[in-house]
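What follows is a set of notes on a single structure, which appears directly below.
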Amino acid sequence: MDQSNRYARLDLKEADLIAGGRHVLCAYIMKPKAGYGYLETAAHFAAESSTGTNVEVSTTDDFTRGVDALVYEIDPEKEIMKIAYPVELFDRNIIDGGAMLCSFLTLTIGNNQGMGDVEYAKMHDFYVPPCYLRLFDGPSMNIADMWRVLGRPVVDGGMVVGTIIKPKLGLRPKPFADACYEFWLGGDFIKNDEPQGNQTFAPLKETIRLVADAMKRAQDETGEAKLFSANITADDHYEMVARGEYILETFGENADHVAFLVDGYVTGPAAITTARRSFPRQFLHYHRAGHGAVTSPQSMRGYTAFVLSKMSRLQGASGIHTGTMGYGKMEGDASDKIMAYMLNDEAAQGPFYHQDWLGMKATTPIISGGMNALRLPGFFDNLGHSNVIQTSGGGAFGHLDGATAGAKSLRQSCDAWKAGVDLVTYAKSHRELARAFESFPNDADKLYPGWRVALGVN
């Protein structure tokens with residue numbers, strides 16, 4: 001059934017919809033299956049995303065028609081489809097009237113993903129009007145709070161030197177805590193890897209107790225504050241809260257040095273909101289493990305990594321992993337820096353829409369996945385600043401002289417970039433950085449030809 005006479009209004013102007021402030025706008029790349037017209041399929045997509053189905057129903061009235069989602073722009077050649085969703089369509093909390101991301105996803109990436117006339121459809125951007133934006137929690141903490149704990153300026157405080165304890169599984173509590181201590185002697189921040197939790201060989205309570213002690217010892221030895229991101233991911237709300245409360249109690253006077261990691265993609269919006277609302281004084285570390293199943297450019301359905309990042313700021317993530325923008329081992333390229341800008345800036349331009357965040361706190365980009373001291377300068381050149389949390393697992397623990405030296409090499413690399421000094425030149429007077437060249441020779445040969453002669457390495 002062709003529903004374009006009801007669910008398509010190609011005379012609507014995007015600027016007018018934005019000025020009206022009553023619609024969430026979504027841009028998709030959509031292709032109909034063979035034999036289906038583009039506008040007809042787009043209208044069916046909008047109907048399934050809002051008030052319609054595949055037939056007319058007798059219960060529809062004038063009010064219902066007034067909240068139809070509307071296709072307002074199509075470009076069949078480029079496969080671009082844009083839909084305007086009235087804000088009234090989205091579910092609200094009964095406890096406080098707040099918005100919920102699960103409702104946003106149910107409508108914009110719901111039944112429409114399985115429609116028989118759609119070959120593929122993937123959301124590439126969305127715009128949130130002020131009246132709806134203000135209903136989301138947004139972040140309560142971000143990198144500025146980490147800088148405060150670390151004793152740095154809360155504006156432009158620079159890279160937080162971090163790591164992921166490796167191997168990701170198989171370490172018992174004491175070796176895990178020992179690895180934390182070793183890294184903290186040179187670095188700032190350690191995160192649980194996403195599968196680490198309460199395995200039988202590494203009970204959470206025992207591990208956390210030893211990690212808290214390792215933090216105290218590292219702080220005493222270095223005279224510097226240290227940070228730890230503890231995984232509280234669980235299926236059950238009460239389990240997440242129980243883990244969080246135990247961790248804070250165990251860290252005691254260092255509770256404000258603790259972030260909570262949640263696997264936000266696999267657990268969904270409910271888990272992020274549980275952490276955001278139960279622990280508003282903790283940095284909420286959004287890990288996105290599994291997201292590539294829908295966000296990868298190889299996947300033609302779902303939504304992009306940019307969309308995931310933008311949603312995370314609405315939900316209240318203090319920080320989210322954004323990949324390595326083509327400079328590490330993860331899928332991505334230099335253009336992914338727009339994710340960092342959308343997370344971090346007061347207003348930013350996405351692939352299709354300009355978003356003003358209206359004073360909502362920033363979400364911090366977290367950089368991880370195959371990074372080491374040699375790759376950082378290129379990454380910072382592309383991004384334009386170093387105000388990120390950078391977590392190198394192999395880049396720290398793969399250093400020939402151990403994790404302490406690995407952490408120092410990462411910091412020295414950032415210092416060299418900020419000073420505008422060539423990395424090979426800087427390495428001549430910084431041993432840990434010089435040894436990073438020997439630790440990662442394949443990267444060194446590719447990125448810094450001639451380094452062996454310059455550093456006297458055979």
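Placement of Cβ uses the backbone N, Cα and C atoms for every residue, glycine included.
Taken straight from Swiss-Prot:
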type	residues	note
BINDING	N111, K168, R288, H321, S368	substrate binding site
ACT_SITE	K166	active site, proton acceptor
BINDING	K191, D193, E194	Mg(2+) binding site
MOD_RES	K191	N6-carboxylysine
ACT_SITE	H287	active site, proton acceptor
SITE	K329	site 'Transition state stabilizer'
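Where Swiss-Prot records a feature, it is marked here on the structure.
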| residue | record | CB count, 10 Å |
| --- | --- | --- |
| N111 | substrate binding site | 12 |
| K166 | active site, proton acceptor | 17 |
| K168 | substrate binding site | 13 |
| D193 | Mg(2+) binding site | 21 |
| E194 | Mg(2+) binding site | 20 |
| H287 | active site, proton acceptor | 26 |
| R288 | substrate binding site | 22 |
| H321 | substrate binding site | 28 |
| K329 | site 'Transition state stabilizer' | 13 |
| S368 | substrate binding site | 24 |
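For the pair K329 (site 'Transition state stabilizer') and K168 (substrate binding site), the Cα-Cα distance reads 16 Å. If you draw a 10 Å sphere around the CB of K191 (Mg(2+) binding site), it holds 26 other CB atoms from the protein chains shown. The distance from the Cα of K168 (substrate binding site) to the Cα of K191 (Mg(2+) binding site) comes to 11 Å. Across the residues annotated as binding substrate (N111, K168, R288, H321, S368), the widest Cα-Cα separation comes to 36 Å.
Same-chain neighbours of the Mg(2+) site beyond K191, D193, E194, judged by a C-beta within 8 angstroms of the site's C-beta center, are, in sequence order, I164, I165, K168, N192, P195, Q196, S229, N231, L261, H287. H321 (substrate binding site) has its Cα within 10 Å of the Cα of these recorded positions: H287, taken from K166, K191, D193, E194, H287.
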